[in-house]
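Undergrad: Below is a structure I'd like to ask you about.
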Amino acid sequence: MQADFWHARWANNQIGFHLDEVNPYLMRHLSRLRLQAGEQVLVPLCGKTLDLAWLAAQGLDVLGVELSEKAVSDFFAENGLQPAIDQMDGFRRYRAAGITLLQGDFFALQSGHLAGCRAFYDRAALIALPPDMRERYAGHLQAILPARSLGLLVTIDYPQGEMAGPPFAVPDAEVREHYAAGWRIEELERGDVLGVNWKFLERGVSWLNEAVYLLQRG
């Protein structure tokens, strides 16, 4: 899966993964990240999610990373924000209202960029990637996060043979494999969501579960 794939999806407005509301799991479980006002939370592969503005409204310092320049520009325009724009370490950096978005390759992100980060929130990053890239993504994320970080992870699972991703199925066993070393994993929620996901119903998927995990390092 190459960068051109995602650029084309955004250019053609093929963004069924984008939610027109703040993610309910985030609203229910943000407190589990134990973040204080002003502390930084990372949102990898963030798109133009409304979760960014909601997190900032909770008093947090929000750092998003997104490949698509269109997604980043759309986020600020749709939220009525005029960002300051500059270059930083190969990223195009947009800043406004407590939100910093780094437009560029997530795999170019380094530990120095996250020195002040306390937690991460992943709703649409891990499930956006095919298996080989998921392993690389999880490894890179863990390599650059500070010690004692916390994370909130949302996944989906379904019979992968019944539908081609993205979004891809990420079963519980895979989550635990990716984060086996040095992380405590707590499943916060799991439920059947097939009935409210028409895309999966249309494609004949026989079952669909969503799960939410709290990840604690150290």
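The backbone N, Cα and C atoms fix where each Cβ goes, and this holds for glycine too.
The following feature annotations were taken from Swiss-Prot:
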BINDING   Trp10, Leu45, Glu66, Arg123  S-adenosyl-L-methionine binding site
Undergrad: Tell me which residues of the chain lie with their Cβ under 8 angstroms from that of Glu66 (S-adenosyl-L-methionine binding site), as long as they are six or more apart in sequence?
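TA: The list for Glu66 (S-adenosyl-L-methionine binding site) reads Leu45, Cys46, Gly47, Lys48, Val72, Leu101, Leu102, Gln103, given in order along the sequence.
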Undergrad: I'd like the Cβ neighbour count for Leu45 (S-adenosyl-L-methionine binding site), meaning other Cβ atoms within 10 Å of its Cβ, all protein chains included.
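TA: A count of 23.
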Undergrad: Count the other Cβ atoms sitting within 10 Å of the Cβ of Arg123 (S-adenosyl-L-methionine binding site), across every protein chain shown.
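TA: Here the count is 24.
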